[in-house]
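I have placed the structure first, in the form of structure tokens, so that the comments after it can refer back to it.
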Amino acid sequence: MSFGPHLLLATLEGLVTAAVLALTALGLSLVFGVMRVVNVAHGEFFMLGAVLAWFFSTLVTGSPAVGFLLALVLSPLVVGLVALVCERAVLRRLNYDPEATIVATIGMLYIIQQLALTFYGPEARPVQAPFNLRIALPWFGYSGYKLAVIVASIGLILATWLVLTRTRIGLVMRATQFDRETAQNFGIPVDKVYAAVFALGAMLAAVAAVLIVPIQQAHYLMGLDPLLLSFIVVIIGGLGSLRGTVVAAVLIGLSDGIISVFFSPTLAKMIATLLVALVLVFRPQGLFGQAAR
Amino acid sequence: MAGRATTRALLLHLAVLAALVLLYWILPDYHRGVLARVLVLAVFAAGYNIVFGYAGQLSLGHAMFFAAGIYGAGLPVYHLDWGVGAAFATGVGAGALLALVVGMLALRTTGVAFMIVTMMFSQVFYLTTLYFTQWTRGEEGLVLPQAARRLALPGLEIDLSDPASRYFVAVALFSVVLMASFAIVRAPFGRVLVAIRENEERVRMLGYDVFSNKLAAMVISGAFCAAAGAAYAVLFGYIGSTFAAIQYSILPLLWVLLGGAGTVLGPLLGTVFMFYVVDITSGYTSAYLLIVGVALIVLVLFFPKGVLGTIRERWLKWLP
């Protein structure tokens, strides 16, 4: 293959990465934005989503589409429930103290990871794609499912955006994010908003994971990479800014896809991580965010 | 009065060190080996304690300083046939230098951002060890030949792979770091660090240079952690990327939290306790990460001050 098609392939792969990353990072960004809490266990909610997707898809026999749809509905619900329990049992008792919640979510990370290893095992297991369609491009055939992932992700992000900007629930969330105490004075049940946002953030990660398992197999250690990449995206995009998060996800996903096709993936990760750390040092509000109030 | 408290504290620390020496003749073989390893890791925890416990900066990247010590000492021994003494010094120097550079950048941020930045720098270090797999052998790691692990002093040569000398070298290193921590905490510098932890703005208002003090804490901490890493490399003869992974940034946090952040003996207590908990439970289950996770959550929910922190609060006010 010559350079042009190669670049096209890299771009497509990058877009798939970006689509999944945007959803995952959106969850992290939402939790940080509204609750001012860094959820280190976010990657494990992603992993849990993938592992549960495998579990649910094995429950039904017959068409892979049925199993996949079942996973797409049930897996995020279960992950949301787990997150809700974590929030009520631990984070709320810590009063959302930033450093204590970091330590506690590290604890959750280990617990979820170990439980996945114990009950799911160390193997990587695939989930069948709901449909098998190859789209023939002039230079190579490309998986139709991957394109569907991109479309689905765009749809979900738009839905999240609509909920946040056009509905009462979204208004309540934004009010809590803007000023917790004033929101409380206006009768907003901040406590319940926190619980809902934490669960929603985990569910977004779980949906992203269900979308990716037909491409990348479910494995109990798969949570670390999305966690670090989501951190990177959320930082570059400006903590708590939805638009910035999506732009940054596309940027990071594309460059990750393109750099790893042409250079060593380890080197790509090294450079990206270093650059992001420097962004955080010299421009803490992110490339697209506004300075903190 | 302050003098009496210092004498009492000094006696307590010397007694702990004496007990560690005596334990060699009391403990069975297996536990001697465990304790030697635990002491080296306790040095790592003590280094972490300077930045986290005293200066109050939550770092999630201290694995890079430990690994800088491991590689700084291990690579010259393996590839260049250096002596153990020179290699150890290189390891400590590498850690201190890395801490200086990372500190100068990361300390511009505070709180959550500091945690993420240190974690990312550490991740870059980890990826670097994987990238130069030609020299480091990545995850697989390198085993230092036994012949290279000899400490040549004027007049005698110590074989560091021998269990007895390994034990006493570990005790010696731990003693140095423990007494150094004790001296730092008692010194005006240590008081400034605690003041920064309690109220950074007020310290700045009083005219102290907060940044330089934090940076100094970072370099000392980096040097201690690197000393632990360098000692680990030459005593146990194995260097690998695993030691740079994020897990080794979280373990010292756990040990220090458990023993009591901001107490001199806390890191030792936390490391010993956690090591044995994992050791004993691994007889029944392989799920040791579960124990680490539960321990972190229980600690942060119910005992945020750790064992010695709680004891100090309740009974022994003079404990440094």
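Here the Cβ of each residue, glycine as well, is placed from N, Cα and C on the backbone.
Where the annotation comes from TrEMBL, it is an automatic prediction and has not been curated.
Database features (TrEMBL):
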TRANSMEM  A:15-38  transmembrane segment
TRANSMEM  A:45-62  transmembrane segment
TRANSMEM  A:68-90  transmembrane segment
TRANSMEM  A:102-122  transmembrane segment
TRANSMEM  A:142-164  transmembrane segment
TRANSMEM  A:193-215  transmembrane segment
TRANSMEM  A:227-254  transmembrane segment
TRANSMEM  A:261-282  transmembrane segment
Best-packed against the transmembrane segment (A:15-38), counting Cβ pairs under 8 Å over A:68-90, A:227-254, A:261-282, is stretch A:227-254
At a C-beta cut-off of under 8 Å, are there same-chain residues at least 6 beyond the transmembrane segment (A:227-254) that contact it? List them, or none. 11, 14-22, 24-30, 32-34, 40, 42-44, 46, 157, 160-161, 164, 177, 272-273, 276, 279-280, 285-290
Counting only residues 6 or more past its boundaries, what in the same chain has a CB within less than 8 Å of a CB in the transmembrane segment (A:45-62)? 24, 27, 68, 70-72, 74-76, 78-79, 82-83, 112-113, 116, 120, 125-128, 201-202, 205-210, 212-213, 218-223, 226-227
Residue numbers, six or more beyond the limits of the transmembrane segment (A:193-215), whose CB comes under 8 Å of its CB atoms: 16, 19-21, 23-24, 26-28, 30-31, 34-35, 37, 39, 42-43, 45-50, 52-54, 68, 71-72, 75-84, 86-88, 91-92, 96, 126-130, 143, 145-146, 149, 152-153, 156, 160, 169, 172-173, 176, 183, 226
